[in-house]
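Participant: Structure provided below as structure tokens; questions to follow.
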Amino acid sequence: MGVAGSGVLYFLFNNVPSPRFWLKKTQLIGTENPEGITGYECPYEYLRKSYGKHHWAAFVDKLSPNLQNEDPAKYRMVLETMDVIHLCLMMVDDISDGSEYRKGKPAAHKIYGAPETANRAYYRVTQILAQTATEFPRLSPWLMTDLRDILEGQDMSLVWRRDGVNGFPGTASERTAAYKRMVLLKTGGLFRLLGHLTLENNSMDEAFSTLGWHSQLQNDCKNVYSSEYAKMKGVVAEDLLNREMTYPIVLALDASGGHWVEAALKSPSRRNVGNALKIIQCDYVRDVCMAELARSGAPVKEWLKLWKREEKLDLKA
């Protein structure tokens, strides 16, 4: 191959966005007759096996130690509702992100297909809304309000992904404030829902908003700083590849070399992503992220023990 041909290949390899199939560890084949393996709610039940049925039980028990004995029907309803909302949001998120893996296993849509997985998520959410309205109508306003907040936050995130930096606030302080508002809606709303359904009041709103912010920070940081998390997802910096705003990315936009981050958000080529990742993993951005994790985690450390997220943040520039 001549010099010209080699130059063309070099340019394409480093500047054209990577096809996502290059990131797969294996080519996955859809399971035949999935209803015979995971039951009627196949994509949903498949994901629930990874997290465990009623995986919010420790939180509910801490919030209301006597609820299981005093009102077992409500106890089950709260746990089932939290499972449905949390897991179905993840099912749709994984489709939106083009994720290959979830918790080290193939994402549900890689097995059952995006149409079935998305429809199952919507169906299960609709089922739980109807069941709540019929069996526990006093919980319906809490559920509807918090679900609206969660989806509003998710919508903000998706609009930013679509519009890129041009649709994001211009100054560093405005960017951070806008990102935090989105997180407090999307992730904070999920934790507030837990408190609202269990206690039927808003006494835990402040603590659970903080817990939601900290939890999202953990996810954001693991995406670019954790080799263990990268192994489970099958790729480093999936958020950046998806042109998604996260706390490290927002900070890196205003760091030295931030133009590379902006370039990667506009066109996630190998060259742009590689250079942007160096900025995101630099000491300055990483130190600010670690400081915010420590600050936000301090007032909710007892709840974090129940959350059990301990991946090491070991990746640096």
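Don't overthink the numbers, they just go from 1 along the chain as shown.
Backbone N, Cα and C define each Cβ position, glycine as well.
Swiss-Prot lists LYS53, HIS86, ARG102, LYS186, THR187, GLN216, ASN223, LYS233 with the feature substrate binding site. Taken from Swiss-Prot, the feature Mg(2+) 1 binding site applies to ASP93, ASP97. Residues or ranges marked as Mg(2+) 2 binding site by Swiss-Prot: ASP93, ASP97.
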Participant: Give the helix, strand or coil assignment DSSP yields for ASP97 (Mg(2+) 1 binding site).
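Facilitator: Looking at the DSSP assignment, ASP97 (Mg(2+) 1 binding site) belongs to a helix.
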Participant: Would you count the other C-beta atoms found within 10 angstroms of the C-beta of ASP93 (Mg(2+) 1 binding site) for me?
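Facilitator: For ASP93 (Mg(2+) 1 binding site), the count of other Cβ atoms within 10 Å is 16.
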Participant: Rank the binding-site residues LYS53, ARG102, LYS186 by the number of other Cβ atoms within 10 Å of each Cβ, and give the residue at the low end.
Facilitator: LYS53
Participant: Other than its own, how many Cβ atoms are within 10 Å of the Cβ belonging to HIS86 (substrate binding site)?
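Facilitator: HIS86 (substrate binding site): 19 neighbouring Cβ atoms within 10 Å.
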Participant: In whole Å, note down how far the CA of ASP97 (Mg(2+) 1 binding site) lies from the CA of LYS186 (substrate binding site).
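Facilitator: For LYS186 (substrate binding site) versus ASP97 (Mg(2+) 1 binding site), the Cα atoms are 16 Å apart.
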Participant: Count the other Cβ atoms sitting within 10 Å of the Cβ of LYS233 (substrate binding site), across every protein chain shown.
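Facilitator: The answer is 22.
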Participant: Whole-number Å only: compute the distance from the Cα of HIS86 (substrate binding site) to the Cα of ASP93 (Mg(2+) 1 binding site).
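Facilitator: On Cα coordinates alone, these residues lie 11 Å apart.
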Participant: Considering each pair of residues in LYS53, HIS86, ARG102, LYS186, THR187, GLN216, ASN223, LYS233, all listed as binding substrate, report the largest CA to CA distance in Å, no decimals.
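Facilitator: For the residues that bind substrate, the greatest Cα distance is 26 Å.
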Participant: Taking DSSP as the reference, which of helix, strand or coil describes ARG102 (substrate binding site)?
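Facilitator: Where ARG102 (substrate binding site) sits, the three-state DSSP reduction gives strand.
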Participant: On a C-alpha basis, identify the one among LYS53, THR187, ASN223 that is nearest to ASP93 (Mg(2+) 1 binding site); the candidates are the binding-site residues.
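Facilitator: For ASP93 (Mg(2+) 1 binding site), the spatially nearest of the binding-site residues is THR187.
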Participant: When DSSP is mapped onto helix/strand/coil, what comes out for LYS53 (substrate binding site)?
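Facilitator: Assignment for LYS53 (substrate binding site) reads coil.
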Participant: Across all the protein chains here, work out how many other Cβ atoms are within 10 Å of the Cβ of GLN216 (substrate binding site).
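Facilitator: GLN216 (substrate binding site) is surrounded by 23 other Cβ atoms within 10 Å.
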